[in-house]
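Heads up, the thing below is written out as structure tokens.
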Amino acid sequence: MLGKLLKYDYRSNLYYFLLMYAVFIGITFLARVSISMVDIDYPAFDNDVLSMMTVMGSVVMYFIGCGALMVLTYLMIAMRFYKNLMGNEGYLSFTLPVSYHSHLISKIISGVTLLIVSFVILALSGVILTAGTDMWGYPMVSFAERLFEAVKLYNPFIAILYVLNGLVSVIQMVLVIYFSICVGQLVSKHRVLAAIGIYIGTNIVLGMISALGSTIFISLLDGSYGSTLYFTVTNLASILFKTAVAAGGYIGSYCILKHRLNLE
Amino acid sequence: MASILECRNLEKSYDGGRTNALKGVSLSLGKGRIIGLLGPNGSGKTTFIKLINGLLTPEKGELYIGGYPVGEETKRIISYLPEVTYLNKSMRIHQIIDYFRDFYDDFDTTRAYEMLKRLNINPQDRMKTMSKGTKEKVQLIMVMSRNASLYVLDEPIGGVDPAARDYILSTIVSNYNPEATILISTHLIADVEQILDDVIFLKNGNVVMAAQAEDLRKTKGCSIDAVFREVFRC
């Protein structure tokens, strides 16, 4: 049943996500073209002010596009969860012979996949924008070189920890969204507003705990900054914290769906 | 008579206990019966139906369907038609049929296409392009195309024109397994009373009457509709 739920989840999102990615990649290409025009000293850009304004405009548009891409990804993941489980579609979803675990896991997998795809598209757009240009190429190559150096200097274990940390972060982000929506449906009125409030509140609390934890760890590891030990301990602590948050979000959401479902 | 549904002292309230929707409802629904769940607006019909389908959780009481507490097993044997449009509006009808076939082992695809054909509904149409009445017909077709043990229909004729009501009622009667039970919630008594075997009257969250339709007609000497008007007179 999990596979079937996933199939329909991906299908329902596919059109909107493809459209969003196409628009964003289009914006990236426009920005790239305008940067290239300046690079090759295109005759139409003889006027320096005009060239600068065009480049600046394109770059600003690109960065707005980056922000919009991530915000829309979040919004669409949240809306899919809300509409499919807490809205009218929930009358069908929750009368399917499917366990609450399957519902939650399918939504987590689809949400995490979409977030990762959006991150990949974001990275790809950076490559499109900068590859081969004198203006932007160096930082990208330099970043790749530094990453490679880091793996060489320390060990692949650190790199694996970073990847794992990233994955757990994405799962945690998605579960905080779902948990907030589940808690929001417990109130009888203004459920969306309640969910947004809970989401903001949860993130503030998590941010404070995270900041406090980081301060404590950094002071404990004072003097070992940059060492393998430092990267291992900070990454492991971060992974543990995010895993605990994700597990809490999952258990909380599951309990609400199983014991307090309220499709009024 | 063997029962498909048993509930004891079922209670449900809203607004943190300020509104009592069901006040200790105890019922037993027999197998192979067509049962009318009748009552005015706000009597608790939809709440009871949502509890059966696991869309709400009761504060108190027990509820068993086919011997199971509400859960995955009961959802496998219940075919539910809600009041609202619960199908994804961007889906085409043939995609909805695939969806039902994927999730319900008892879904009869051939029956669904036959009913669509009889009602002149194009399987290529999208839900969002249809009128409210056609959407309701599509939902009813999906629900009645299953070979379920319990059909729970919440206001199945509420949103369609009188001409379509007879067709829908004949669809309900002719497309279900005689071993199955149909629970129909409605306040349009006159339209459904000819197909009912049993009636349950709900008033302010309480069962005020539960009887066989024929017995009730004989005892009271009038139609179920007349009894309803008498019981629920404002």
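Residue positions begin at 1 at the first shown residue.
Every residue, even glycine, has its Cβ placed from backbone N, Cα and C.
Unlike curated records, TrEMBL annotations are generated automatically.
Residues annotated as transmembrane segment in TrEMBL: A:14-35 (among others).
Beyond the ends of the transmembrane segment (A:55-77), by six or more residues, the same chain brings 13, 16-17, 20-21, 23-24, 27-28, 30-31, 34-35, 38, 110-111, 114-115, 118, 121-122, 125, 129, 173-174, 177 to within a C-beta distance below 8 angstroms of the stretch. Feature annotation from TrEMBL assigns transmembrane segment to A:55-77 (among others).
Residues or ranges marked as transmembrane segment by TrEMBL: A:108-133 (among others).
Residues or ranges marked as transmembrane segment by TrEMBL: A:153-180 (among others).
Among the features that TrEMBL reports, transmembrane segment is placed at A:192-219 (among others). Within the same chain, residues 82, 176-177, 179-181, 183-185, 225, 233-234, 237, 241, 245 sit at least 6 positions outside the transmembrane segment (A:192-219) and bring their C-beta atoms closer than 8 Å to a C-beta of that stretch.
Residues or ranges marked as transmembrane segment by TrEMBL: A:239-257 (among others).
Packing against the transmembrane segment (A:108-133) from elsewhere in the chain are residues 6, 9-10, 13, 17, 21, 24-25, 28-29, 31-32, 35-36, 39, 62, 65-66, 69-70, 73-74, 76-77, 80-81, 139-140, 167, 170-171, 173-175, 177-178, 250: each is 6 or more residues past its ends and has a CB under 8 Å from a CB in it.
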